[in-house]
Amino acid sequence: METQAITIRRPDDWHVHLRDGDMLRAVAPYTARRFARAIVMPNLVPPVTSVAAAEAYRDRIVAALPEGTAFQPLMTCYLTDDADPEEVARGFEAGVWAACKLYPAGATTNSASGVTDVRNIRPVLERMQRIGMPLLVHGEVTDPAVDVFDREAVFIERVGAGLVRDFPELKIVMEHITTADAAEFVAAGGPLLGATITPQHLHLNRNALFAGGLRPHAYCLPVVKRERHRLAVRAAAVSGSPKFFLGTDSAPHAVEAKESGCGCAGIFNAPFALESYLQVFEEEGAIDRFEAFASENGARFYGLPLNQGTVTLAREAVDVPERVAGVVPFHAGERLAWRVVETD
Ligand code: DOR
Ligand code: ZN
């Protein structure tokens, strides 16, 4: 008999962009209604580089949610070339920061103040290694001579391999992996090397960018890759390995910013993320591994307790609207096979 419903421990989202101001108020409830905790990306304008800025942002997130919402934003520190090891350690030890985010300068949205060369942040990485603070990596080189579809694989060669070698005790998360190269790199590493996986990189290959015309709502960074890579990322997600866990990379942009002569990178997947992931696990015959991916592996990697509540999804079709909170959501206009029917 086909599975008709599945109840899992309440999940966490280990990578999300909640934005600020009106957009924050519009989108944060969609993350908070499903996930107990989320690792919140620091690529605001200006970026979140100080403990004080992180605390203030955390307060704005909590204030954006309905009274009594049980949701814990886990804040991250945006690393720059002149990041101060003292400030980083102080924020982690005070429980403000859960991790640091490495954006290679220029790699993506609001990454202009990112790191130009990892050698510039060696003292910070040494300190993080010593205190057990995870490093979250946007793993793409920015060298314009490198083809955009190869930037993740080349990052692993040029930077990732050296990081793992030089900082063997540092917890490293390769964020939003998109290639067979990244899946193999992470699988081959030790237990301190993990990866998040988004729904879009499980569903889409690069044909989606050009299906009948230019499709800005399928554009995110790292850009979706060819089919061989999508299949490798799917295999990693459903493998049962504790190194792979849920991180939506939900990244909303206003419709005009996406549908533009120079469209922004980012897919707003928070509203139907669980439904989207579960569909993949079902297609792969791995429904029994969904709970570990969504609700256990990430918490264990970060050394945080597992959540107490549950979420139940039932095999009931759900039609994804064309707009959610004024933004075009992932799967807009499509019908998904599973629906969240209960959270407690
Ligand atoms: O597609 C993306 N959007 N990738 C990123 O790395 C950043 C994000 C954003 O902030 O819009
Ligand atoms: Zn992101």
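Heads up, the Cβ atoms here are built off N, Cα and C, so glycines get one too.
The Zn(2+) 2 site recorded in TrEMBL comprises K101, H176 together with one of H138, H217, namely H138. TrEMBL names H17, L18, R19, N43, H138, H253, A265 for binding substrate. Of L74, L79, L170, L221, the residue it gives for the same site is L221. Record check: TrEMBL places H15, H17, K101 at the Zn(2+) 1 site, and the matching candidate among D150, D166, D181, D249 is D249. If you draw a 10 Å sphere around the CB of H17 (Zn(2+) 1 binding site), it holds 25 other CB atoms from the protein chains shown. Of H138, L221, H253, A265, all annotated as binding-site residues, the residue with the shortest Cα distance to H15 (Zn(2+) 1 binding site) is H138. Within 10 Å of the Cα of H176 (Zn(2+) 2 binding site), the following recorded positions from the list H138, L221, D249, A265 place their own Cα: H138, L221, D249. Rounded to a whole value, the Cα-Cα separation of K101 (Zn(2+) 1 binding site) and R19 (substrate binding site) is 16 Å.
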